[in-house]
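> Heads up, here are the entries from TrEMBL:
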- 1-13: compositional bias 'Basic and acidic residues' (COMPBIAS)
- 185-309: domain 'Fatty acid hydroxylase' (DOMAIN)
- 1-20: region 'Disordered' (REGION)
- 46-65: transmembrane segment (TRANSMEM)
- 77-98: transmembrane segment (TRANSMEM)
- 136-156: transmembrane segment (TRANSMEM)
- 168-186: transmembrane segment (TRANSMEM)
- 222-242: transmembrane segment (TRANSMEM)
Amino acid sequence: MDDRLYGSRDKRGQWSPHKRPAREPLFVWPAQPRKFLVWMFGFPGYLWPWNALLIGISVVAWVYLTPTTDMMREFSIGWVAAILLRNAALALLVYGGLHTLLYIQRRQDTNFKYNSKWPDTDNSVFLFRSQTAENVFWTMCSGVPVWTAYEVLAWWMYSNGYTMQLDLTQHSIYFVGLLFITPAWLKLQFYMVHRLIHIGPLYHIIHKVHHNNVNPGPWSGLSMHTFEHILYFSGVLFFFLVPSHPMNVMFCLMIQALIPALGHLGFDKVVSEGGSHLDSDGYYHYLHHRYFEVNYGDTLIPFDEWFGTAHDGSQEADEAMYKRTRGKNFNRGGSKV
């Protein structure tokens, strides 16, 4: 599968797809019901493949890999450690698996890779002078524990009746509705947190760790300062406030914990030896890592279009970005030079 059929690479080694990122048929007027239904239930789309896969992972994790509610009424090292180990194994499987295929074995070389360069291996910006080593450190030593802490708190609260738990036999439609809105809620929460931590002091103290990854790979997705992890995973608190089922919490946390691997993959498509492929949909966020002051959100809820910070990779978007920032003379994080 030749990436030249789907995009072009400039003289600096930057590959961009011919198909530009565009908003989904949700916040559009006039409404497009047919396109909306195709996007909602088609492949690829809102549900398939990634959200459906994460729902499946959530079911398996809740039914087979989570201690019983009786055990979780009181905190104990045993059940907390079991959840921590399960989450660490999932992170290693997803992040480590994608990194192994694309960055160690280099199964498709730089085919569909946005930046033709590979992660830095001797750069003082990173811990241990290695981009991948730092990314693994922050993911496994901070991201997984914070993810686990929110999950442990949720199960303890459910087990003790401190949250309103749904009876699926009576509120199945409401339960499914919550599942469907969860990805959208997390896009909203992510945008608000992301704009907050781009403010000067917060950027330099917290968010800079993540933005050191100008050329991201899978492990970059959850490579964040611990305070950013706390803010990032706080989207699950929504389900502490509304009637919900533990599956809603599990799905929410699985999205936040695992989807960043795809969003920071560094490749537009993952191609099999037979030529079939899956889209990563990571180009929009890759442009944020490349240009910094664009694409704070996602194409699901088009905040960037509404606030004038959208960039689709085109020359026109480049010109609009330079015009918007010309004369401001800002450092990263919003502080003036």
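Here the Cβ of each residue, glycine as well, is placed from N, Cα and C on the backbone.
Owing to the predicted nature of the structure, the values given are computational and were not obtained by experimental measurement.
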> Mark yes when the transmembrane segment (136-156) and the transmembrane segment (168-186) have three or more Cβ pairs under 8 Å (sequence separation 6 or more) and no when they do not.
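Stretch pair does not touch.
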> Tell me, roughly as an integer, the mean pLDDT over the domain 'Fatty acid hydroxylase' (185-309).
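PLDDT averaged over the stretch: 97.
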> By Cβ distance under 8 Å, which residues at least 6 away from the ends of the transmembrane segment (136-156) in the same chain are close to it?
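Sequence-remote neighbours of the transmembrane segment (136-156) are 66-67, 69, 72-73, 75, 80, 83-84, 87-88, 91-92, 95, 127-128, 162-163, 209, 219, 221-226, 229-230, 233-234, 236, 239-240, 246, 249-250, 253, 256-257.
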